[in-house]
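Each remark here refers to the structure printed beneath this line.
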């Protein structure tokens, strides 16, 4: 290796020249990413490296090469690669892909990853408008996650997604009483009426309910448990079945005895077409998976009947959660029953139950005064 004033040149057996130097900042030897067929080009590379160090703008040659290559990678190309390589459930991957296809690629898809800036992100965010706030927020979260990975890959120095999003308004929904639930359920098509009671009293998610099969029911005649392992969701025009939403979502849920009796009767009378272990617990009259649209249609009639047309399917989860809290379930017990990973929602139901308890006490006192 020929010694020089700065850096080294080594002639290889092939006759080509390899250039390298020791960076005084970290004491590490760095090599040119290519060899040269003449000394002049090799020395020019060394001179350029020395100049970067003196100007304090030096970064490792490998990082610069990676960034240069990335300058040709568009956001769409990088995002598609990200979706393939990311450890995501199939349903989540399809969901993220849908947000990217509809809201990210049409506007930002041709922009190079290295050219993504906060100004571009702000313009894209504003251009989506406010008509669909949830979809807008989800698309932004996908873009932010992709850009976080670009930072980790050292393609960009910092994430350009810096918009402060307001948390979605949390709906405070008063849970149905058992009497109101009966009125609502009476309006639901009889073949899948049991769905309302299961959702309400076991606090399952709708996607978990429609993927429940006979093999997921453990029943010794005294105690019934539902083994929640999977969930189904509609992504575009197809139903995607995957593992439950989170690790904690995989759980056994004990069914209140009065609902267990309903389920036993339902299995005897309503699932005659298929009694195998893979048979869905709740189906259409044709034995197919219950759709959200079909269930919602009759559920809305029930909600209107009790003067609560604003309620949604998901609000049925609050029934079982609230009454479990009133029955004395601890935060940890509620988290386990609901399949939550954080205590926030469980504590919300506990607070609701405490508020209800105070109202009951007030009503009791009024009775005493009138007696």
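If you go along the chain as it appears here, the first residue is 1 and each next one adds 1.
Yeah, the Cβs are placed from backbone N, Cα and C, and that goes for glycine too.
These features come from Swiss-Prot:
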ACT_SITE  205  active site
ACT_SITE  245  active site
ACT_SITE  314  active site
ACT_SITE  317  active site
ACT_SITE  340  active site
ACT_SITE  349  active site, O-(3'-phospho-DNA)-tyrosine intermediate
DOMAIN    73-151  domain 'Core-binding (CB)'
DOMAIN    171-362  domain 'Tyr recombinase'
What does DSSP assign residue 314 (active site), in three states? helix
Grouping DSSP H, G, I as helix and E, B as strand, the residues of the domain 'Core-binding (CB)' (73-151) number 62 helix, 2 strand, 15 coil
Mean predicted confidence [pLDDT] for the domain 'Tyr recombinase' (171-362): 81
Since the record lists 205, 314 as active-site residues, which of them has the fewest other Cβ atoms within 10 Å of its Cβ? 314
What Cα-Cα separation, expressed in whole Å, is found between residue 205 (active site) and residue 314 (active site)? 7
What's the number of neighbouring CB atoms sitting within 10 A of the CB on residue 317 (active site)? 22
